[in-house]
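Taken straight from TrEMBL:
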- B:THR65, B:LYS66, B:TYR67, B:GLY68, B:GLU69, B:GLY70, B:LYS71, B:THR72: ATP binding site (BINDING)
Protein chains: 2
Amino acid sequence: MSTFPSDIEIAQNATLQHIRKIAEKINIQEDDLEYYGKYKAKLPLELQSENPKGKLILVSAMSPTKYGEGKTTMSIGLTDGLNYIGRKAIGVLREPSLGPVFGLKGGAAGGGYAQVVPMEDINLHFTGDFSAIEKANNLLSAVIDNNLQNPKFSLNLDPKSIAWKRVMDMNDRSLRQIIIGVGAKSNGTMREDGFNITPASEVMAILCLSKDLEDLKFRLGNIFVGKTLDGKAIFARDLKVVGAMAVLLKDALKPNLVQTLEENPVILHGGPFASIAQGTNTVIATKMGLSLGDYVVTEAGFGADLGAEKFFHIKCGQSGLKPDAVVLVATIRAIKHHAGLSSEDFKTENVAAIEKGFCNLEKHIENIQKFGINPVVSINAFPDDTQAEYDKLKSLCLAKGVTAIVSTAFVDGGKGSAKLAEKVIEEINKGEANYKPLYQKEDSIEHKINTVAKGIYGANSVEFSPKSKSQLKMINDLGFNDFSICMAKTPASFSDNEKLIGRPTNFIITVREFEIASGAGFIVPLLGDVMRMPGLPSIPNAERIDIDNNGKISGLS
Amino acid sequence: MSTFPSDIEIAQNATLQHIRKIAEKINIQEDDLEYYGKYKAKLPLELQSENPKGKLILVSAMSPTKYGEGKTTMSIGLTDGLNYIGRKAIGVLREPSLGPVFGLKGGAAGGGYAQVVPMEDINLHFTGDFSAIEKANNLLSAVIDNNLQNPKFSLNLDPKSIAWKRVMDMNDRSLRQIIIGVGAKSNGTMREDGFNITPASEVMAILCLSKDLEDLKFRLGNIFVGKTLDGKAIFARDLKVVGAMAVLLKDALKPNLVQTLEENPVILHGGPFASIAQGTNTVIATKMGLSLGDYVVTEAGFGADLGAEKFFHIKCGQSGLKPDAVVLVATIRAIKHHAGLSSEDFKTENVAAIEKGFCNLEKHIENIQKFGINPVVSINAFPDDTQAEYDKLKSLCLAKGVTAIVSTAFVDGGKGSAKLAEKVIEEINKGEANYKPLYQKEDSIEHKINTVAKGIYGANSVEFSPKSKSQLKMINDLGFNDFSICMAKTPASFSDNEKLIGRPTNFIITVREFEIASGAGFIVPLLGDVMRMPGLPSIPNAERIDIDNNGKISGLS
C-alpha cells in the first residue's frame, strides 16, 4: 500500500501560479493588487460592488469530532468542483489562527488535494491581519490602563468595571486570568484582567462585520469599556483611541487573495472562531467574492448549531446577505462517533451505527430547514468508509428530504466534488432558499438565548447563573437589548457539555456569564465551562514543527 | 513666514518609485524581490556575500534630549548625501517599534526631507517582523507554562526560577509586573511574570545577531529558560520549541528594502532599542548592504555611550564587522540642554552655553577615539541656530581633533549633507580607523561592567545590588562569563540618573539586576531604575492619530 502524502508535502510539491494570473481569472487588474510575495495579494475595497450578483453557498457541518470533519477541505473542494464543471466560483473563507497551529489542530488551509496555498504562509502570519487586530485590541487596553494611571486626565473609570480584555493569538491558558499592575505605583493600577485568543477579540468581530472604513471606525467607537465610579458607561470613543485603532487596521480591512491547488481563486479574510465568536469571514470579503464571481463558497464551522446559526442571525442579520444554498459536511466516522463508538471501531463496517449516529446530522438538517433552506449533505470520504454505510446515510438523509453526496475532494480535488457541485447548482436553480431568522431584533436577550438553546440545540430550558443575571440587568440598562447573541459553547455537543454526543435531549443550557461586544453589535453568552482562551495539549504540535537550514518546513499538518 | 510641512505631509506628497526600480539601482533582480505592496520588498539571504567589499559608516550621537537630535534623519540624509556626490551608498537601519508611535515619540522614519518611505507603513506593522518576533517569544512562554501544567511531561521546572518573560510591542506599563495563572487549576500554575516591549526581546537580539537560519536556530536553542527544582539549567532546546520558533521567524530573517525620499535604497531590518537592548539592525542586513553597495550608513542610537558601545562590543564582537568611519550627531539645542538651559532659552543665541554644554559631546568624542576611530561630528541644523554658535561648536570640536559639519538634510535632503558626505569619504580614504574593543571575552562580567561604566560613562565606581550579586553568581555558575554585556540604562545621561546632564563626574553606577540572553550571547545589566517596558505619557500620541474615510492618515509625526 502506497502512503498518501501529507498535506504539507502536497502543498510543497504544488506548482503555484503567480497571484497575478489568479486575479486575471476574476478580472482584477494587476495594478489593483497589493502583493505579499508572489502568491498572496491584498485587494482594494473598491472591488466590492453595491449589489453583487453572485450566488452564496454556505458550508457548515454536523457536530465535529477531534478527528476533523474536513469542513475547509470540503469548502475548497466545492470551489474547485464548481470550477471543474465550468462555473466561475470563488472560495471566501476565514484565515487560520496561529494559536491552534501550535496546539492540537495544526493548520487550517484544507487538506489533501483540496487546499489553499501557499499553505505555510496562510497558516503562519499570512498578511498580518491577526497581528493588526491584536495590536488594535491591546492599544485600547494600554490606553484604558493609562487612563487609570493619570488622575489629571482620568475618566474616573472604575477598575472593577472594566469589561475589555487583552488578546493574544496563542493557546496560552496561563493568561486567561491574570493580575496586572503589580509592584510599584509606576507599574499601573493593580486589577484583574485576562487574555482571550485573538480570534475571539471584538476587534476581529468588528472587522468581520464592517461595511467599510467609516463603519469600522463607528463600530470601534462603540466598544463598551466599562463604567465610571458614578456609573456612567464609557466607550472606546471616550478614550480618543478610535483613530489610532483604525490606522492599525487599515490594511487588515482589505481581503486577501490566494489560490487552491487547482489554481482557482480564494479570498481569505478575517478569522473569528465559530465556537467562541461569530465564526465567519468578513462581510467585505463575501460581498467582494459575490461581485467578482458567479458563485461564492463560504464556510461557517464548527457545527451548524454554532457556525450556521451565527452566520444567519449575526452576519445575514447585519449585512443583508442571504445564502442561496447550504451544504452540511458529514463523515462516516463522525456519525459513528455520535453513535457512541470509539475510534478503534471506526475501521469496521457498521451500518447500524450509521442509523444510530445519524441523529446528530438529522438535528442539524432540521435546524437549517427551520431557517428556510433545505441543505445538501456532503459526505467527506475516508478510506475506511464502505458503500453500505454510504447507502444507509444517503437513505436516512433522503427521508429528511435531503440529498447526500459523497465527495472525494481530499484525494481527487475538484473532480471529486463535481457531483456535489452539480447538485448545489441544481438547488440554487430551484430558487427555493428563503432565509428567515428565528428571533427578531426587538426580542429580549433572554428570549433570543432561549430561542437558540431550545430551537437549535434542543435544550429543555436555560439557566442563568447569578453573575449572568446581574450582567443581564446591566445589558438592559445600557440599552443593548437589540443586539444579536453570539453563543460561546463547546462545538462537540448540541448541549454545553461536550460529553453529550449524538442528539441529546432533556438537558439544560447554563449561561455562566456574558461578554459585551457593543461595537460588533452582539452579546456573548458563555455557556457551560467554555473558555475564550484555549490551552496547549500535553504534547503540543509545536514540538513537531521544524524548519531545515534550507528553509523547508515540516510538521504543519 | 511660511510653515514648513510636517513629516507625514512631506511623505504623503512624495512620488515613490516602484521598489523594483530601487532594487535595480543596486543590481537586485526583480525575481529576487518578495513584494509587500509596491514600495516594500523582502530580500533573500543569498544577496549577502561572504566577504563584502563596502565601507561601513556608523552614525551615533551625543546624549539625546526629549526634543530629538535627528539621528535617523542624519543617517538618511548622509545616505542621500553620499548618493548626491555620486557614491553608491545604502542606508541600513533599524525598523521602528510600534509602542513609541502611540506614546511620546511618534514615528521613527527620519524627518523633513530626509525620510524613508512609505513612512506610514514603516511606522506601523511594516512587513510583520516585530509581530513574528513577538509570537516566537510568546510561544516559548506558552510552552514553558504548559510544561509546568503537565506533570507527566514536566521538566520539573522551578516556577520561581523562570527567567523568560513575555513581550508585546506596546507601551504598556501595566504589564511590567503581573501574576499569571490565576483562578482554576486549568488556568495554569500561578506565578509572577512580566512583559517587556518587543524590541527588548532576546528573540529580537538573536535575529539581529544571527548569520543565517542555522545560526538562528542554534541561538534560539541556547535561550536560558530557568532551572529545575534540583538546580539543572533548562534551555529552549529542552522544551523542543526551537523549530516552531524558527518557523515563525523565517520571513522576519529576510531584510526589507525601502527607499529614501530621494529614491535611494535603504534596508530596514531588526529593531532592538539601544537603551534597553543592543540597539542596531541585523548583522545580515549590514552584510547585505556591504555586499550590494560601496558604502553603508548604519545607525546606533541613542547616545554613543549606549548605541556605539554596544555596536562595537556586541555587534562587531560577534560578527567581525568594523566601521570605517563614525559620525556623531549633535544639535545646538542639545548642547544648550546639556549646559543646563531650558527649552524656552533655546531660541536665543548663546555662545557661552555652547562652550558649557560641549562637555557632553566631548566625552562622546573621546569615547569613540578610545575605540580607535576619530569621529566626524554632524550638526543637525535647526532654524534658531546661529552662525556664531556653529563656529564655536566647530572650534571646540577641532580642539579635540574632530571636524564638525553642519547638515541641512532635514530641509534640503541629500544636498544638505553633501559636505558631510565628502568629509566622511575623506576620513574613510585616510584608512586610519582601527577599531579595538575595550574589554575582552575572557574578562569577568564585573570587569566588563566596570570597564564600560568607568571608561565610557565616567563613573567613579559600580555598585551591585544584593539581587544582582546573587544573579552574578548564578551567571558564573552557568558558565556565561564569556558573554558580552548589554547595558540597559537611561540614554539621557552618561550616568544611570537621567537628571545628571552634561558630563557628570563623581557618580556611581548601580546594577539593580540582570537579565540573561544566552542565545544572543550577552548579559543585560539593568542600571538605576531603567525599565524594559515603557509606559504611555498622560496624553499619548495615539490620541492625535487618525485616518479619514478615504484612508488618509494624520498624526504620525
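Numbers run from 1 along the shown chain.
Placement of Cβ uses the backbone N, Cα and C atoms for every residue, glycine included.
Long-range Cβ proximity for B:GLY68 (ATP binding site), meaning a same-chain Cβ under 8 A and a gap of 6 or more residues, is found for B:GLY111. Long-range Cβ contacts of B:LYS71 (ATP binding site) within its own chain (separation 6+, distance under 8 Å): B:VAL59, B:SER60, B:ALA61, B:PRO64, B:GLU299, B:GLY301, B:PHE302, B:VAL329.
Its Cβ taken as reference, B:LYS66 (ATP binding site) is surrounded by 9 other Cβ atoms within 10 Å in the chains shown. The ATP site, placed at the center of the C-beta atoms of B:THR65, B:LYS66, B:TYR67, B:GLY68, B:GLU69, B:GLY70, B:LYS71, B:THR72, has further neighbours from the same chain whose C-beta lies within 8 angstroms: B:ALA61, B:PRO64, B:THR331, B:ALA334, B:ASN380. Residue environment of B:GLU69 (ATP binding site) contains 24 other Cβ atoms, counted within 10 Å of its Cβ in all protein chains. Between the binding-site residues B:THR65, B:THR72, B:THR72 has the most other Cβ atoms inside 10 Å of its own Cβ, all protein chains included.
In sequence order, B:THR331, B:ARG333, B:ALA334, B:HIS337, B:SER343 are the residues of the chain that are 6 or more apart from B:TYR67 (ATP binding site) and have a CB within less than 8 Å of its CB. Taking the Cβ of B:GLY70 (ATP binding site) as reference, residues of its chain lying under 8 Å away and at least six apart in sequence are, in sequence order, B:GLY110, B:GLY111, B:VAL329, B:THR331, B:ASN380, B:PHE410.
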